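J.: In case it helps, TrEMBL gives these features for our protein:
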DOMAIN    33-237  domain 'Neurotransmitter-gated ion-channel ligand-binding'
DOMAIN    245-455  domain 'Neurotransmitter-gated ion-channel transmembrane'
TRANSMEM  240-263  transmembrane segment
TRANSMEM  270-291  transmembrane segment
TRANSMEM  303-322  transmembrane segment
TRANSMEM  440-458  transmembrane segment
Amino acid sequence: RGLAAPPALAAAAPPAPVWVPAGCRGAQGRFAYKLLHDLFANYSSALRPVEDTDRALNVTLQVTLSQIIDMDERNQVLTSYLWVRQAWLDAHLTWDKDAYDGIDSIRIPSSYVWRPDIILYNNADERFGGSMETNVVLRSDGHIMWDSPAITKSSCKVDVSYFPFDGQRCRLTFGSWTYNGNQIDLHNRLDAGDLTDFVENVEWEVLGMPATRNVVTYGCCSEPYPDVTYTLLLRRRASFYIFNLLLPCIMVSFLAPLGFYLPADSGEKVSLGVTVLLALTVFQLLVAESMPPSESVPLIGKYYIATMTMITASTALTIFIMNVHHCGPGARPVPPWARRLILHHMARLCCVYEVGESCKSPRRALGGRAGRGDAGVLGESPGEGEVGAQVGACPRDRCLCHHDGLLRNVGYIAGCFRRHRSAQRWTSEWKKVAKVMDRFFMWVFFLMVFLMSVLVLGKAT
């Protein structure tokens with residue numbers, strides 16, 4: 001025990017704990033009680049703690065954003081979790097730390113001292129609750145620092161014109177409710193809110209939180225009222241809405257023009273258009289439920305309305321084309337201008353061809369085809385011509401064809417056959433017209449859907 005340790009062991013050994021007598025362990029606590037009693041013996045927390053009542057008390061404010069709890073776009077309310085730090089100098093709460101065993105600071109309840117009535121001006125909470133009653137840190141030179149957490153609901157003007165690719169600017173304005181600028185001079189401690197402890201939000205991305213000091217003179221009073229405004233810059237994370245609202249709408253929109261590709265005899269052309277229209281109406285209602293009822297229509301809402309208008313027009317055109325397709329035997333022949341424009345130019349453009357030919361194969365001249373058809377209508381078929389030649393060549397004295405009754409019956413049958421062939425040809429031509437119009441409008445509406453989708457995405461980005 002009395003021998004000295006070697007130098008190496010002495011250097012490696014930890015320092016021995018300092019033993020404090022039992023009577024001195026409570027000295028710090030007794031001085032703290034005495035300090036608390038001496039400080040608040042003649043202190044009042046109701047008066048502003050300044051030596052000169054004509055001078056303003058400097059109060060610094062610093063806000064730390066911890067979490068964005070909710071953004072209610074419909075009611076335009078932002079719910080956030082903040083840490084509010086206020087600091088000021090209390091001239092009546094100073095002491096000599098050497099006289100109190102070196103105590104430089106104490107933690108006491110905030111209700112013991114005077115506190116500035118700094119509140120959130122644009123508070124939207126129905127209970128209008130303030131900060132939590134936490135302790136304050138009181139230093140020997142009279143400086144007081146009050147850190148308090150608060151869950152605030154603030155009003156925020158929401159602009160959903162570019163939803164779901166929108167960004168919001170929500171302001172948090174702090175100021176004194178009763179003290180004017182000649183009594184409390186409020187300043188922001190830093191140029192921006194503190195975001196070091198911010199918990200990332202799944203819907204919103206925080207771009208910044210700049211702070212500005214404003215001095216406002218209200219109509220009720222002539223004194224200036226300073227305030228500190230924190231502007232929270234938010235940008236929406238659009239992935240959720242792209243995969244759940246925008247992409248389904250785009251896919252349904254590209255499905256609508258396929259109604260023109262359905263055969264007219266299937267009976268499902270109009271049903272497909274109505275089903276797509278109902279699906280888009282459901283998506284439109286989902287967007288309308290979360291948006292505020294304002295005059296500014298969201299970008300996705302405009303896209304839905306334009307798509308629904310296009311589908312309504314396509315359904316009406318489908319009904320018209322089906323009426324053309326089902327023209328009966330009593331229909332008039334296709335007009336020459338429609339034959340030239342639709343059956344020739346538009347058919348080649350839309351690559352509509354008959355069975356056994358392609359859009360690249362040389363087509364027969366419509367005039368020759370029509371001439372042969374007219375000859376078939378006005379004249380006789382080859383078989384009928386041979387019969388007529390045989391009838392004409394038949395001597396009246398050697399066969400029975402000279403009977404007028406038999407000639408009238410044969411002529412009636414031949415006329416019925418010619419009229420039937422003419423009606424079939426007119427019906428097939430009207431069906432060809434309907435098919436060409438179907439293909440033409442299908443490509444037109446496909447192009448419209450593609451352009452609308454590109455415009456919406458391009459305007460959003």
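One-based numbering along the chain as shown.
Just so it is clear, glycine is given a Cβ too, placed from its N, Cα and C backbone atoms.
Remember, TrEMBL labels are computer predictions, not curated facts.
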J.: Would you kindly list the residues that approach the transmembrane segment (303-322) from elsewhere in its chain, counting only those six or more residues past its ends and only Cβ-Cβ distances under 8 Å?
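T.: Hits for the transmembrane segment (303-322): 246, 249, 252-253, 256-257, 259-260, 264, 269-270, 273-274, 276-277, 280-281, 283-284, 287, 297, 434, 437-438, 441, 445, 448-449, 452-453, 456.
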J.: Using Cβ atoms and a strict cutoff of less than 8 Å, what residues sit near the transmembrane segment (270-291) while being 6 or more residues removed from its termini?
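T.: Same-chain contacts beyond the ends: 73-74, 160, 163, 245, 248-249, 252-253, 255-256, 258-259, 262, 298, 300-301, 304-305, 307-308, 311-312, 314-315, 318-319, 322.
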J.: In the predicted model, what is the mean pLDDT computed over the domain 'Neurotransmitter-gated ion-channel ligand-binding' (33-237)?
T.: 90
